[in-house]
Amino acid sequence: MLAQVQLLFMVVFLEMSLILLFLFKTPLRKLIIMTLDRVKRGRGPLIVKSVAATVLVIMIYTVYSIRELQSRPTDTVNPTDQILLAHQILQAALMGFCLFLGLMVDRLHHYIRELRLLRKTMEAAKKQDRALDNGKNGEASNLKDEISSLRNKVRQLESENEAKEKEVKSQKANSDSLKGQSEKLLLEYDRLLEENQNLRSQLQSVDQNVSHSDSKKNT
């Protein structure tokens, strides 16, 4: 019996030590987590559940024995029964505490693993966000370069348009001057044509007069 109580105390102290190690981030905690990860693989969970079920059954039997001893009349209880009762109460308390601490160790191990997975997921998400930000920055720089090149092209096209407008204006001015000159030439041509017709009419009248005078002389 004493050896069983000592074993239970050792298990309790071991589980308390594991819980304390879980609370502080040390290299030993990482080693314990890796060990528990290996224990929970394969047949490990089945063995742990079997041991826990056995301890639970023993604890229930011990509690039943305690109730049986307590239900006896006080006159029939001797010092040996009292010592046995105290021992069984201590044993049942230690087994219940062992089961409770074992559950705490299992839950802490589970939550620490979940926390590590969440941290890895968050780090991966942060890296992905950084990559996206870098890509966006690269795209933004490319867009800025394209915008600057397009602005330069627009300025170049505007300058070419202004040059062409100036050229068109100069050509329009030349065409207007040529049009004015052509109008003047047409007017001059019309005047010359009119003078030519007048001269012809005068020549015809002179020829008629000369021919008339010649005819009178011959007669």
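Backbone N, Cα and C define each Cβ position, glycine as well.
The annotation transmembrane segment is assigned in TrEMBL to 6-25 (among others).
Residues annotated as transmembrane segment in TrEMBL: 46-64 (among others).
Here TrEMBL flags 84-105 (among others) as transmembrane segment.
Marked as region 'Disordered' by TrEMBL: 154-180 (among others).
The feature compositional bias 'Basic and acidic residues' is assigned by TrEMBL to 155-170.
Sequence annotations record features per position, and here TrEMBL assigns compositional bias 'Polar residues' to 171-180 (among others).
Marked as region 'Disordered' by TrEMBL: 200-219 (among others).
According to TrEMBL, the feature compositional bias 'Polar residues' maps to 200-212 (among others). Sorting the compositional bias 'Polar residues' (200-212) by DSSP state (H, G, I as helix; E, B as strand; all else coil) yields 13 helix, 0 strand, 0 coil.
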**Prompt:** Near the transmembrane segment (84-105), which residues from the same chain, at least 6 beyond its ends, have a CB less than 8 A from one of its CBs?
**Reply:** 1, 4-5, 8-9, 11-12, 15-16, 18-19, 22, 36, 52, 55-56, 58-59, 62-63, 65-66, 69-70, 77
